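Sharing a structure here in structure tokens format.
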Amino acid sequence: MLQKLRDKTEFTVLATLKQERLNSGVLLSIHYAEHRYLELESSGQRNEICLHYRTRDQRQHTEVFPYSLADDHWHKLSVAFSVSHVVLHVDCNRIYERVIENPSMDIPSDTTVWLGQRNQAHGYFKGIMQDVQLVVMPQGYISQCPDLNRTCPTCNDFHGLVQKIMELQDVLAKTSSKLSRAEEQMQGLDGCYCERSCSMNGVLYREDEGWTDGCRNCSCYNGTVQCETISCPPPQCPPDSAPAYVPGTCCKECQPVCLFRGRVYVEGDLKSVRDSSGNCLLFECQHSMQRVENAPCPELTCPESEHITLTDRCCKVCRGHHFCVEGHSPSCVENSECVNLEAGSCCSCKDGYRALRDDSAYCGDIDECAEGKHYCRENTMCVNTPGSFMCICHTGYIRIDDYSCTEHDECTTGLHSCDENAICFNTVGGHSCSCKPGYVGNGSVCRALCDGLCQNGGSCINPDTCTCQQGFTGKRCETGKNTGGEGRGIQGRSEGGRGVRGRGRMGRQESYRGRMGRQGELWVEWGRQGS
């Protein structure tokens, strides 16, 4: 019991008593050595109720309430503490409310608890006392007097509210300071020019700068690279030249030509011929056909029937020769790859690309989505990717294969956001939630609805079903449990305290909660509300 009371700022002492006239006695005493942490005394001689307590600065303090309990009548007494406020109720009437020094509940572990007396020799209470409780909760007197159900916040509530407001003021001050600094920095940025740049193939370009990348004209705009395919006009070449591709350029350019044995060759072309003796001679177009020296031919490893004679070299090769690994293979540049042929090689565009010039050395991406060359079915969205495309499922749909999606029933699969007390409705592309009858909310969160609401701190756990706090009953927790009339209760014992016996008279044997009390017997029951 003392552990639950230690360091608490809101608690209530409750008791139902009948004190003999002119008797002065202690109702409850919690003390350690000579220090009274909390003691409640009723004086029939001075007609007053005294509250003795120990303050946080280790001083002993007494609060006196002029009121007579020693009149040989039954009374309900409650003393409620809330930080620095104390409220005294007698018979469910508020008698006093005062501001006091903050009581110290830093109670040592071996503190003594006495009921009906201060110690073994002093402060004897004469009369009948029952239902003594220490309720550790705000406004605990409600458990004794349900009709006093609180409508106003306690002092502890106000204290917490003030603390939160102070914290919010501190956050507001820090946020305002940060905002002011940010505004100053933004004002300084107004006079700055931040130049954007673009990067492509490891090269950095400035804003609005243009360049040629293969068969595309590119520019840097707003920090983004934008490219367009080059459109090559037909070249107008003089009679001694012809259009031909030059390494590093996209369009054909006029190149000098050579006329040899009735055929036209452009700069760099090779031609092999055989003389009257059968010897191979190799010529190269260099402004005119010039003879070049032949390198010694390597020995072939294939049968002679597999030998192939080429027109641009004197040495034969084996059938299936890998021309692409030689330097004679064409320069396949952008999105293009070299393909071996029977007597040479050529460039071919990779899948998903089309040729930007007739030799397929440069290739550009095909936008299958824009051209309708995709296989995406209904409930999907086509997204173009380099050399291909992909099909994205619409929201609320799940994938069947690479090209098709079907509706996703979140309600059936359990992948919904509905409360356990809500009904899930599948919709096209999603779902909706609606609380079940007897519950209210937005569907994602539903709470039980109790008509008339639960009273006295009760909680609505199911539709029209309240769970009540200890001491209350009824469909809406509107009724306090009957603790019995005049008579004695069951003998009790506090945790860490001492059982007590008192003096008094009892004219007949009476029952309390199913147990009979004998004449001259005093007992106390400790409540556990709020603990």
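If you go along the chain as it appears here, the first residue is 1 and each next one adds 1.
Glycine is no exception: its Cβ is also placed from the backbone N, Cα and C atoms.
Automated prediction, rather than curation, is the source of TrEMBL annotations.
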Among Cys460, Cys477, find the residue that TrEMBL gives as the disulfide bond partner of Cys468.
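Disulfide partner per TrEMBL record: Cys477.
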Disulfide partner of Cys460 per TrEMBL: which of Cys446, Cys450?
Cys450
For Cys468 (disulfide bond) and Cys460 (disulfide bond), what Cα-Cα distance in Å is obtained after rounding to a whole number?
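Cα-Cα distance, Cys468 (disulfide bond) to Cys460 (disulfide bond): 9 Å.
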Would you identify the secondary structure of Cys468 (disulfide bond) according to DSSP, in three states?
coil
At the Cα level, what's the spacing in Å between Cys450 (disulfide bond) and Cys477 (disulfide bond), rounded?
12
What is the number of residues in the domain 'EGF-like' (407-447) that are helix, strand and coil, as DSSP sees it?
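Helix, strand and coil residues of the domain 'EGF-like' (407-447) number 4 helix, 18 strand, 19 coil.
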